[in-house]
Amino acid sequence: MSTLVAPSRRPAEASDARSIAERAPKRGRSPERIAASLTLVAIVAAAIVALADSGISIPSMVESWGNAERFFARVGPISFPEPAQLLYLTALTIGLVLCGTLLAAVISVPVAYLAASNTTPGPGWRAFGRFVTVLTRAIPDVVLAMVFVLMFSLGSLPGILAIGIHSIGMISKLFADAIEQIDEGPRLAIRAAGGSKWQEFTSGILPQVLPSWVATVLHRNDINLRGSVVLGYVGVVGLGMEMSFAFKSLNYSLGLGIALVMFALCIVMEVVSSVVRSAMLGVAPTGRGLGDRLVRRVRRSRSGSSSGLDTPPSSAARPAGTPSSAARPATSLEAALRRPWDALRIRNTVWGWVALAVVVGSVLICNIQWADLITFWAKVPAIAVQFWPPDFGNYDAATMFGAMGQTIGIALAATLLAIVVSVLVGSLAARNVAPNGTVRASMRFLLVVIRGIPEVILAIVLIVITGLGAQAGTLALAFGGIGLAGKLIADSFEEVKSGPERALRATGASRSQVYASATLPQGMRALIGHSFYLLDTNIRAATILGIVGGGGIGYYLLNAGQGSNYQVVTAIVLMILVTVLVVEGLAMWMRRVFR
Amino acid sequence: MNETTPAAPDVVIDVEGLTKEFGSTVALRDAALRVERGEIVVLLGLSGSGKSTLLRHLDGLDTPTSGSVRVLGQEVPRLQGRRLRALRSRIGFVFQQFELVPSLTVLENVLTGALAELRGPRLGLWSYPKRLKLTALGHLDRVGLLDRAYQRADTLSGGQQQRVAIARALMQDPEILLADEPVASLDPESSEQVMALIREIAMDAGLTVVCSLHQVDLALSWGDRIVGLRHGEVVLDTPAEGLSKAEVMEIYGRVATATAELEAIERELVDELGAADAAAPEHSAAPEPLVAAGPNRTR
Amino acid sequence: MKLSTKTWPALAAAAMLAVGLAACASPSTADDSAAGDSGAKFAVDENTLVFGVVPDSVDTETNYQPLMDYIAAETGKTVEYHESTDYAALIEAAVAGKIDVASFSGFTYVTATNNGAAITPISSIITEEGQEPGYYSQAIVPKGSDITDLAGFAGKKVCFVDPSSTSGYLFPSYNLLNEGIDPKTGVTPVFAGKHDVSVTKTGEGVECEAGFAEDSEVAKSDKVEVIAETMVPGAPIVVSDTLPEELKTQLTEILGEVTVDEIVESGVESADSDAFRSVFFATLPVDDEYYDTIRDICEKTEAEQCQG
C-alpha cells in the first residue's frame, strides 16, 4: 500500500470540529444510483396504488368468515385413496418429478456455461444463454404440458418434458451464478499448465460449482414436486392429477388427503435433500431446513457416541497412509494406487449406487414411451402451425393489454404485501435474527405449511370470504408469496457474514440495532433480488388468478389453452415474455447498482 | 463513561479458573488473567490455543463452562440484556477480519460504534445525530482516513479497513480495548502501521489493551507484558522487557528458526476449535518441557 | 393406515393455519357469521351486481362485457364481472352467496344446488338463430373403424375428457351404462384432459380406439366419425334467490328472452360487434326441470360431484 498514514501524525484531538467537517469529502452519489433509487420508489408507489385499488377490506372479510367455517364443515373428515393406488401414484409422481428435474439439470449445464460471464465464448452466446434462461421460465409449465400432450402419448412423457423444460429457467440461472462466483485461480492454473477449455471446465470449474449445483437441483426438485399439482389440471398423470380430479368433483376430503400426502412427501424430500447434500458435499449442513436440522442432530448423536473427537474423515484417513508412503520404496506406490476403503469412501459409494438406483427406478416407473421421441417430430409441423401466427382471437388488443396491466397491478400489490410480511417472518426465521430457537422453528414451520397448502383450497377459502375478483387474487398471490420469499429471505439473512453482527454486538448494540446496521445492509441486495423474483413469479402465476376470477392475462391464457386457441396462447405467452424480460432487466440493473 | 471500578480500583480485568468446553473440545482450561488499568498485554499463542476464546469471554460474547470473569468490576457471565450491553459499550473490540459491514460507507461503519448510546435501530447516515457524525469524522481523521468517509467499506484495503474498525471502537470511547489478532490478515507494512496506531491511541487515552498475537517478534516488540497460552492453558505470564525470542520459543518447544514453521502450522489449523484436536499429534510429538516451565500452572 | 404417522404433523399444521387465519381475520370476532338470513341480501351491496362466469362450451371465447353493460343499463346498478376457470370455485362462491348472477354449465348448476346454493335458472344462451340451448356430447371412432355403435365400445380403450366433464365423461358414462357397459371396468378409460386432445387421440387410433367429446371440437377433425350423440342441456344464467323479489323479476324479464338485436336497440352499442355476436345470439327461458336429465344421470352414474 502506497499511501501512508502517518500514525505518527498526531492531530490535536481537540482540533476544532469545523475544520474536520470542512476537510471531509463531500458525499458523492452517482446519477445512476439516483436513477435506480427513483425507479425503485416509483415501483413501490405503483404497488401501493395497486394495493389500494385491489379493494381489500378486512371488515367485510371478517363478516364473511362464517362462510369459510361452513365450507370447512362441508369438507368433512380427510380421506385417502386406497393404499395400493396411493403408493403407485406417489412413486409415479416422484419418478416423474425426478426425471424432469434431471433432464433440466443436464440441459442447464451448457446453457449456464454460455450464460456465465466468465465462461461464455462471446457476448452473442451470452445473450443467447440468458435468453434461453428467461424464455424457459416465462412459458408456464401448464402451456408446455398442453403442447406436449398433443405431441406425445398421454402419460408421463409430456409431464417430464414440461417440468424439465420449465425448470431450465431457474436451474440454468443459478448454475450460471455459481460459475460466476468461482475462484478463478484453479482455472488459471490449468490453463497455465496447457489444459484445454474442456479440461478447464471439468477440472477447474466443475469441482468448485458442484456443491452449489447439487443444492440447486435438489431445491428445484422440491419445487417441482409441489408444482406437479398444477400439471394435474392438464392431464399429466400423478398425484397432482388425482388431486385435481378430486377438487373438480368437489370431493374436498379426498383432495385434501392427497394434498397432505404431497405435503408429507415434500417434507421427506427436504430431509432426503439434506442428507444427500451433506453426504455429497462432505460438510455439515449449514442448517436451514427441517432436514438439515435432522441431519445435524443425527451427526451430533453419532459423534457423541463414537470416539468423541469431531475429526473430519479426511484427516482420520491420513495418518494411516502418509507415513508409509513417505517411508517406503517405490514398490509400495503400486499398493498406494488402491484407495483404501475407509468409511468415507464406502459411504460415498453406497450413496452413489442408491442415487443411481433411484434414478433408474424413476425412469422405469414412468414407463416412458421412448418411441415417441422419434415419432413426435412428424407431428411438430402440424402443431407448430396451430401456434403461429400469434393472434388475439375474438378479443381486441385493448382487452388483452388491459388484462396484462391488471396482471401487473395485482402482481405488484401482492408482491408488496408478501414482501412486507416475508421480511418480518423471514427475519424471525433466520437463526442470526430470531430471539430464540422456538421462534425460529415455528416461523420455519409456518413457512413450510404455507407452501404446503393447495392453491385450489386457498382460492376457495378466499373466494367464500372475499368474493370473486382481484381482492381474492391479490391475497392468494400474497399468501403464496410469503411461503417462497419468506424462505429465501431467511436463507439469505442466515448467509450474511456473521462477523459484522458480532462486531456490533461487541460494541453493546441491541438486537434490533444489530439487525438494522449489520444484517439488513448485508442482506439488502438479496432482498431486492428476491422481491423482483417474486414479482416475476407473480406475473407468471396464471393458474390461481384464473381460479379466483381475479382477472388478468392468466385467465385468458388458461381459457385459450382449454379451448385450444393456440394462436391466442402464443400471443399471450409473448406478452408475458416481454414483461418478464423487462422485470429481469430491472432486477439485473438494481442488483448491479445496489451492490 | 464513568471511571469507577468499585471492587479493585486498579484491576480492570480479573479472570480466575476459567474453563470453556465446546462439546468434547476444551478451549480454555483453568485460565487466569489479571490486568491493571493502562496495561498493554499481549496474549501469545498458536491458533486454537484459546486466545480468541479468552478475549470473547472478556466481552461476554462467550459464556464460560466454569470460572469467574470480572471486567470493570462486574462479573461478566452474570450480566444480561441492557447491563451486558452497557458493559460492552465500555470495551472496544478489534477483530482479525475487521468485520465491517461491506455495503455501508466507511462513516456509517464508524457510527455503528455509537449505537449503544442511541436508542432503537438505525439505518442510513441520516438516522444519526450530527454531533456523532462530527465525532466519527474526527476519529476517521485520527486514523488517517478522513478522505475515505463516503466510500463503501469494501473498497478499502485490508489495512485501511482495520483502521476504520479501530475508529469504530474509538466511537465507543472505551476504557478497555480488546484486539483479536488484529494484523493476522495484513501484509507486514500495514501490520506495523496498525499496531503502531493501536499503541499510540492506547497511550494517548490511557486505554487498557489486551491484544492476541501469534508472531513472537511482534509481541515482544509491541507489548508491555506477554501472556502465553497453549492448548487452552496459560503457560507463560511475564513482562515483555528482557524476554528474548529464544526463551519464548523454548517455551513453545521449538527452536528460534521455527517461526516459519509456526506460521505454516498456523495456516493448516484454520479452524479454531477443530485445531485444538487436530494439533494433538503435534502435541505428543513435541517434548514436554513447557508445561513445567509455566510460571504458575503445573498440572 | 400407515400414513397416519407421517401426516399428523401436516394435519396439525392445517389446523394451525385455520386457527391462524381465523385469528388474524377476526380481530373483533364475528358472531354474526350467519348474518343476512333475514330479508334480501346482495353479494357486495345493493348498488352492485356480481356476475360470475365459467366458460362452458370449449370453443367459447367468453366476452360477455356487452351483456354486462346491458344489465347495468337496465337495472341501474354497477355490474362486477368475474370470469373463473374453475367450476368448484364458482360453485363455492354461489354456495357462500358471493354471486348475484352467474353463468355456468348445467352440471355445475345441479351440483351447486345440491350443495346448498340458493339460485334459480332463468335462461340459457344460444349462439345462432333457431338453435335450441345446449350442445352435443358425441361418441366418436377413427374413420374406417369397425366399431359402429356404443355397444362396440366394450373392452376398448376409450378416451374421455376428464372425470368432471359433462359432455366428456358424465353423459358418455350414462350412455355406456345404458348399453350395459361399466365406464370404469367395461372399457379401458383414458383421460385426455381436454376435448381436442380426446378427438386427436381417438383420430390417431393408437392410444384410444374410441372416444367422447363435445360436438364443436369433433367438427374440427376429419379423422373421426360420429356414431352417437346426446344433447347436453345448455348452460343456464342463474340469479341468486336472496336478491329482492322485484329485482329478480326484473332480471328474469330482461334476461329471460332477449336477442342480440334487442340489446343493441336498448342502447348498448358495444353489443353490436362480431366478437359478441359470435358468442351470443339470444337467450331462451329454461327452468329447474330442464336439468332433470342431469339429475337422472347423477343417480345412474353415481357421480361423486352430484352428492350434496
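Quick reminder: no glycine exception, Cβ is built from N, Cα and C everywhere.
Fair warning: this is a prediction, and the values are worked out from it, not measured in the lab.
What TrEMBL says about this protein:
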COMPBIAS  A:10-28  compositional bias 'Basic and acidic residues'
DOMAIN    A:90-273  domain 'ABC transmembrane type-1'
DOMAIN    A:404-587  domain 'ABC transmembrane type-1'
REGION    A:1-28  region 'Disordered'
REGION    A:298-331  region 'Disordered'
TRANSMEM  A:34-52  transmembrane segment
TRANSMEM  A:86-116  transmembrane segment
TRANSMEM  A:142-165  transmembrane segment
TRANSMEM  A:253-272  transmembrane segment
TRANSMEM  A:350-371  transmembrane segment
TRANSMEM  A:408-433  transmembrane segment
TRANSMEM  A:445-466  transmembrane segment
TRANSMEM  A:539-558  transmembrane segment
TRANSMEM  A:564-589  transmembrane segment
CB contact flag for the transmembrane segment (A:253-272) and the transmembrane segment (A:408-433), at least three pairs under 8 A: no
So if I exclude everything within five residues of the ends of the transmembrane segment (A:142-165), which remaining residues of that chain have a CB under 8 angstroms from its CBs? That is, six or more out. 92, 95-97, 99-104, 107, 136, 224, 227-228, 230-231, 233-238, 366-369, 372-373, 376, 379-380, 383, 387, 542-543, 557-558, 561, 569, 573
If you count CB pairs under 8 A between the transmembrane segment (A:539-558) and each of A:34-52, A:350-371, A:408-433, A:445-466, the winner is A:445-466
Spatial neighbours of the transmembrane segment (A:350-371) not adjacent in sequence (6+ beyond its ends, CB under 8 Å) are 91-92, 94-96, 98-99, 102, 152-153, 155-157, 160, 276, 279-280
Which of A:34-52, A:86-116, A:445-466 contacts the transmembrane segment (A:408-433) most, counting Cβ pairs under 8 Å: A:34-52
So if I exclude everything within five residues of the ends of the transmembrane segment (A:34-52), which remaining residues of that chain have a CB under 8 angstroms from its CBs? That is, six or more out. 409-410, 412-413, 415-417, 474, 528, 586, 589-590, 593-594
Tertiary contacts of the transmembrane segment (A:445-466), as residues 6+ beyond its ends and Cβ separation under 8 Å: 56-57, 60-61, 64-65, 67-68, 70-71, 226, 229-230, 243-244, 247, 252, 255-256, 259, 262-263, 266-267, 290, 425-426, 429, 472, 475-476, 479-480, 482-484, 486-487, 490, 543-544, 547-549
